[in-house]
Number of protein chains: 2
Amino acid sequence: MLDSSTWRHVFKLDPAKALTDEQLDQVCTSGTDAIIVGGTDQITLDGVLDLLSHIRRFEVPVVLEVTNKDAISPGFDYYFIPLVLNATNKKWMMDVQHEAIKTFGPMINFDQVSAEGYCIMNPEAKAYKKAQCRLPDKEDVIAYAKMTEHVFHLPFFYLEYSGTYGDVELLKAIRPHLKETQLIYGGGIYTLADAEKMAAYADTVVVGNSLYTDFKQAIKTVQIKQIT
Amino acid sequence: MLDSSTWRHVFKLDPAKALTDEQLDQVCTSGTDAIIVGGTDQITLDGVLDLLSHIRRFEVPVVLEVTNKDAISPGFDYYFIPLVLNATNKKWMMDVQHEAIKTFGPMINFDQVSAEGYCIMNPEAKAYKKAQCRLPDKEDVIAYAKMTEHVFHLPFFYLEYSGTYGDVELLKAIRPHLKETQLIYGGGIYTLADAEKMAAYADTVVVGNSLYTDFKQAIKTVQIKQIT
């Protein structure tokens, strides 16, 4: 069973984007608590397997965030299933996930599977458009967080700003409402200072896009593990 | 915190339908494990309060199944929130529930709140039409049940045939997939024999409509508690 409760920092790698082998080695040995493989566009089984075979040579836990059932592969430690809470179309809240469970049936080991209650906050993000999201206000977001903890009992509530830096005040407002459910923040973390501000309220910060734009700064964000 | 794990038989009373005071007394003293107050149409606060004030004079636990946020009242032991898994419209899966959590905010004591993963199987039922359901096949239903237990971690999976007697073979097929989540069956139970067949696989059977059509037979269904 997954114990992610101590995860403070996670890197997210996109199978559709490229890092050099050396950079990948650096990510894997950076001291990050886990690596999530996930993305929205052009996620292929080949791309997923390329990353997996590289990362598996190291000890860091590796998670597949399942967004395309044709790109699911065995061999990961855990599988995270995003449920898009602020989607307007039920498909992205639970129907594609239901379809995957129907398809893979007894092959699924649910001890390796965790659902993430996703709240996507950037209207320009591909995932936002794909899931036909609506932008929630502060009270909406808090009610989503409560629902995630008390109604759905999900292990994760994931506030996702996809490439843009989010509202730290919103994160602060969510914080007191989550006791059992882990609060994950992702989006626009380019520097250690960016990470530090969000890690003051989030249990876990996810650093993704910036690996592909300013690798050197991005890799340093792992240091929040020492300073918070 | 609710412990409903021993509930074998539950009566469901519809605030929009009438029983005599004597009949209500009989329901309350029947030995049933709990009474759920709930319905689909014309659920008013007055109707809910009339039932509550009657039932509260007895010791039986009383639950409000929340289908209309304008008819929520304090004073119940528990509040069940139906999430319609086979709705096509996300509204009835989680958005009206989210709206209620947003509205009532800190007034909600989540220790009294449990969500039910509903699967509505009768296309003629008012709830089916209201929630714009689609009819799931056997594999769909099993995948909904698995999702209820392993993804959402809900306390209840509720197979609802609303007034018609359901497919006992389907209930049998679901049974091995639910270990933590309680399997509830409702629909078309008019006699003790009807109840017995479903109770062979369901943890809990719900008897509702038949109270309003053949009270004498309906009240006898409580006897499944002795014979199963």
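Along the chain as shown, the residues are counted starting at 1.
Every residue, even glycine, has its Cβ placed from backbone N, Cα and C.
Feature list (source: TrEMBL):
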BINDING   B:K12, B:Y158, B:L159, B:E160, B:Y161, B:S162, B:G163, B:G188, B:G208, B:N209  sn-glycerol 1-phosphate binding site
BINDING   B:D14, B:T40  Mg(2+) binding site
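Secondary structure at B:K12 (sn-glycerol 1-phosphate binding site), as computed by DSSP, is strand.
If you draw a 10 Å sphere around the CB of B:Y161 (sn-glycerol 1-phosphate binding site), it holds 21 other CB atoms from the protein chains shown.
The maximal spread of the sn-glycerol 1-phosphate binding site, taken as the longest Cα to Cα distance among B:K12, B:Y158, B:L159, B:E160, B:Y161, B:S162, B:G163, B:G188, B:G208, B:N209, is 16 Å. Each residue contributes its Cα atom, and for B:K12 (sn-glycerol 1-phosphate binding site) and B:T40 (Mg(2+) binding site) those atoms are 12 Å apart. One way to see the shell of the sn-glycerol 1-phosphate site is to take the Cβ centroid of B:K12, B:Y158, B:L159, B:E160, B:Y161, B:S162, B:G163, B:G188, B:G208, B:N209; the remaining same-chain residues with a Cβ within 8 Å of it are B:N122, B:A125, B:T164, B:G166, B:Y185, B:G186, B:G187, B:I189, B:V206. Between the CA atoms of B:G163 (sn-glycerol 1-phosphate binding site) and B:D14 (Mg(2+) binding site) there is a gap of 13 Å.
For the binding-site residues B:G163, B:G208, counting C-beta atoms within 10 A of each C-beta gives the highest total at B:G208. Spatially close to B:T40 (Mg(2+) binding site) yet at least six residues away along the chain are B:T67, B:A125, B:K126, B:A127, B:K130, judged by Cβ distances under 8 angstroms. Cβ neighbour density within 10 Å is lowest for B:K12 among the binding-site residues B:K12, B:D14, B:L159. Candidates B:L159, B:Y161, B:G208 (binding-site residues) were compared with B:D14 (Mg(2+) binding site); those inside 10 Å Cα-Cα are B:G208. In the three-state DSSP classification, B:Y161 (sn-glycerol 1-phosphate binding site) falls within coil.
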